[in-house]
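**Student:** Here's the feature list from Swiss-Prot:
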- 1-7: topological domain 'Cytoplasmic' (TOPO_DOM)
- 8-28: transmembrane segment (TRANSMEM)
- 29-177: topological domain 'Periplasmic' (TOPO_DOM)
- HIS122, TYR126: heme binding site (BINDING)
- 133-177: region 'Disordered' (REGION)
- 145-166: compositional bias 'Basic and acidic residues' (COMPBIAS)
Amino acid sequence: MTRKSRRLILIAACGAVLALALGLILSAMSGSIVFFRSPAEVAAQGVPPGTRFRLGGLVKDGSVKRGPDQNVEFAVTDTNATVPVQYRGLLPDLFREGQGIVAEGTLDVGGVFRADTVLAKHDENYMPREVADALKAQGRWQEGGSKEAPKDASKAAPKDAAKPETADATLGQRSER
């Protein structure tokens, strides 16, 4: 074998190993990729039953019904379409009607979204980016909010007021190292 043919075989072998590694990475990731959809997209695209995705929107006013054993039924809307949701488990503390959420789960044959995870917003101005983008694309986005946080820092509690007097003195020393 000549030097040139050995070099070509080495390059081909490296390329094959790289292609195999890339294929394994992509196949491993395909099971963990979850797409985001708004209620309008679910209605328009006819999502096949059993497809796993994230559903984002606002909890429709008057739709929350709590059942036995932590079963909760509610509807998610983006003002164009509404999708009924069933969830079993503890809801986040910030979950309430009219607030933005993202639920992850599957759509059943009857068109009910069966969520296994529900994430709620974290303050009065937050909306999941995907939900905001979907509302903007539909022309239903409203900038700003009617409530604003006070801008006067003097109304905030002093930093030392929250410190308990029974704190472990060694904890501060360990955390400073």
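The first residue you see is number 1, and the count goes up from there.
Keep in mind that glycine also has a Cβ here, set from the backbone N, Cα and C atoms.
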**Student:** Taking the topological domain 'Cytoplasmic' (1-7) alone, what is its mean pLDDT?
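**Tutor:** Value for the topological domain 'Cytoplasmic' (1-7), mean pLDDT as a whole number: 89.
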**Student:** Please give the sequence-distant neighbours of the topological domain 'Cytoplasmic' (1-7): residues at least 6 beyond its ends with Cβ less than 8 Å from one of its Cβ atoms.
**Tutor:** none
**Student:** Could you give me the DSSP helix, strand and coil counts for the topological domain 'Cytoplasmic' (1-7)?
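**Tutor:** Summed over the topological domain 'Cytoplasmic' (1-7), the classes give 5 helix, 0 strand, 2 coil.
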